[in-house]
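Enquirer: Look at TrEMBL and you will find 44, 138, 142 tagged as Fe cation binding site. Annotation comment: TrEMBL describes 78, 79, 80, 81, 421, 425 as gamma-L-glutamyl-L-cysteine binding site. Annotated domain 'DinB-like' per TrEMBL: 8-146, in sequence order. The domain 'Sulfatase-modifying factor enzyme-like' annotation in TrEMBL covers 174-436. For 308-338, the entry in TrEMBL reads region 'Disordered'.
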Ligand code: AVJ
Ligand code: FE
């Protein structure tokens, strides 16, 4: 456990530093009102590590008092963060180093603290290394957010290009039938699972069909060329309002040049690759596309059953292929590549029902709002999940996304992992997969 924690903490830090190894002006500037300045994310990562590893677990004083207000995501919205008195780039890096040194020092003295077991709260934080997993995942989540800031940024590429993705392949079956029956939704025993993934509970679903692959750029282009963006009947009323207000006519970062569709991807301009999963579409666009195709988005439970349920054992696995950690031949995660891999690139990552690319490549919008699993208990803080659940009698303002993207760090990805965002968001690395009722 200790070796794993140290290597994951170091790996994610290399990632954060790579995304912020850019000119000072790029770090402090507000690239989009949707995003924080990169330098805010950077020091926020350190502040979170200080809160949880140094203070909550280590019972030590703040590494640098007075920073909590500035780096509290609930105190200041993203668009206002550039106006706060933030640590500068060098100051942020130094803060991260100081916090990390104290966190490592604590880790060296951890076993005696555990053995005393005097403090139930700390013992619970430490069960299965949970609080370390939480801090590692939090940093990966902000790294993905920083990558979305890089994607929104206008200008020549700042980040090194990733490795080439494995080639795609034609997949024989377009959709598969998932038979009716119960499956285990969520988890109670995954040590690093967030509170919102818990507890495991049985859910009985009617049979449904789900696509073996996510929707491609080719299919999104077909929707577009069939007039899908201009056909009000395909859109929900909220979706159509948003489409009108924003003038949506194609996925974000796409434009037409003569007969070719081009896209901007992390500072590079290139033709839209037809056989990749579509990304940078909002939930409303996904919903309209599904209606055009005579299909629908899967519910969150359907998505997880298709990804994780093994009818041979009746169990849900941590990943579609089983319980072993992701490898580059099974899933496109962790920004190894600079985007999603072509359809069919991961036959070894198929789930028992035959669905592919459910983990990695693109987050997949589901039909579901973000609500608590039955028996949910907030842990260790309400602001991670609970404050985003709808109040009694209201419906969720968010939609759940599943499966992680090419930009998601592996420690922050598994079949039970739940992400959520507003149905209008397009800067995230999100696409979708289609489903339908079995009649
Ligand atoms: C789960 C991605 C919605 O970025 O707002 C980061 C993750 N929570 N810091 C977010 C998170 C606290 C969260 N999302
Ligand atoms: Fe955060």
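Any Cβ shown, glycine's included, is placed from N, Cα and C.
Computed from a predicted structure; not experimentally measured.
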Enquirer: Which bits of the chain, at least 6 residues beyond where the region 'Disordered' (308-338) starts or stops, bring a Cβ under 8 A of a Cβ in it?
Expert: 15, 143, 147, 161-166, 178-179, 181, 183-185, 187, 190, 200, 265-266, 345-346, 348-353, 355, 357-361, 404, 406-410, 413-416
Enquirer: Using the residues the record lists for gamma-L-glutamyl-L-cysteine (78, 79, 80, 81, 421, 425), what whole-number Å value is the largest Cα to Cα distance?
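Expert: The two farthest binding residues have Cα atoms 20 Å apart.
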Enquirer: In the domain 'DinB-like' (8-146), how many residues does DSSP put in helix, strand and coil?
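Expert: Helix (H, G, I), strand (E, B), coil: 97 helix, 0 strand, 42 coil.
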Enquirer: Report, in whole Å, the straight Cα-to-Cα distance of residue 421 (gamma-L-glutamyl-L-cysteine binding site) from residue 142 (Fe cation binding site).
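Expert: Cα to Cα, residue 142 (Fe cation binding site) and residue 421 (gamma-L-glutamyl-L-cysteine binding site) are separated by 14 Å.
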Enquirer: Kindly assign residue 425 (gamma-L-glutamyl-L-cysteine binding site) to one of the three DSSP-derived states: helix, strand or coil.
Expert: coil
Enquirer: Inside 10 Å of the Cβ of residue 78 (gamma-L-glutamyl-L-cysteine binding site), count up the other Cβ atoms and send me the figure.
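Expert: Result for residue 78 (gamma-L-glutamyl-L-cysteine binding site): 18 other Cβ atoms within 10 Å.
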Enquirer: Can you grab the distance from residue 425 (gamma-L-glutamyl-L-cysteine binding site) over to residue 138 (Fe cation binding site)? Cα atoms, rounded to a whole Å.
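Expert: For residue 425 (gamma-L-glutamyl-L-cysteine binding site) versus residue 138 (Fe cation binding site), the Cα atoms are 20 Å apart.
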Enquirer: Output: those binding-site residues from 78, 79, 80, 81, 421, 425 whose CB lies less than 6 Å from an atom of ligand 2, in sequence order; none if no residue fits.
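Expert: The binding-site residues passing the 6 Å Cβ test: none.
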Enquirer: Sort out the sequence-distant neighbours of residue 138 (Fe cation binding site) for me: same chain, 6+ apart, CB within less than 8 Å of its CB, listed by position.
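Expert: 45, 48 - these are the non-local Cβ neighbours of residue 138 (Fe cation binding site), listed in sequence order.
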Enquirer: List the same-chain residues at least 6 positions away in sequence whose Cβ sits under 8 Å from the Cβ of residue 79 (gamma-L-glutamyl-L-cysteine binding site), in sequence order, or say none.
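Expert: 30, 33, 34 - these are the non-local Cβ neighbours of residue 79 (gamma-L-glutamyl-L-cysteine binding site), listed in sequence order.
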Enquirer: What are the other residues, in sequence order, whose C-beta lies within 8 angstroms of the center of the C-beta atoms of 44, 138, 142 at the Fe cation site?
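Expert: Nearby residues not in the site list: 41, 45, 48, 139, 141, 145.
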Enquirer: DSSP on the region 'Disordered' (308-338): how many residues come out helix, how many strand, how many coil?
Expert: 1 helix, 7 strand, 23 coil
Enquirer: So for residue 81 (gamma-L-glutamyl-L-cysteine binding site), how many other CB atoms are inside 10 Å of its CB?
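Expert: By my count, 21.
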Enquirer: State the count of C-beta atoms found within 10 angstroms of the C-beta of residue 425 (gamma-L-glutamyl-L-cysteine binding site), not counting that atom itself.
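Expert: By my count, 20.
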Enquirer: For a quick check of packing: other C-beta atoms within 10 Å of the C-beta of residue 44 (Fe cation binding site), how many?
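Expert: Around residue 44 (Fe cation binding site), other Cβ atoms within 10 Å: 23.
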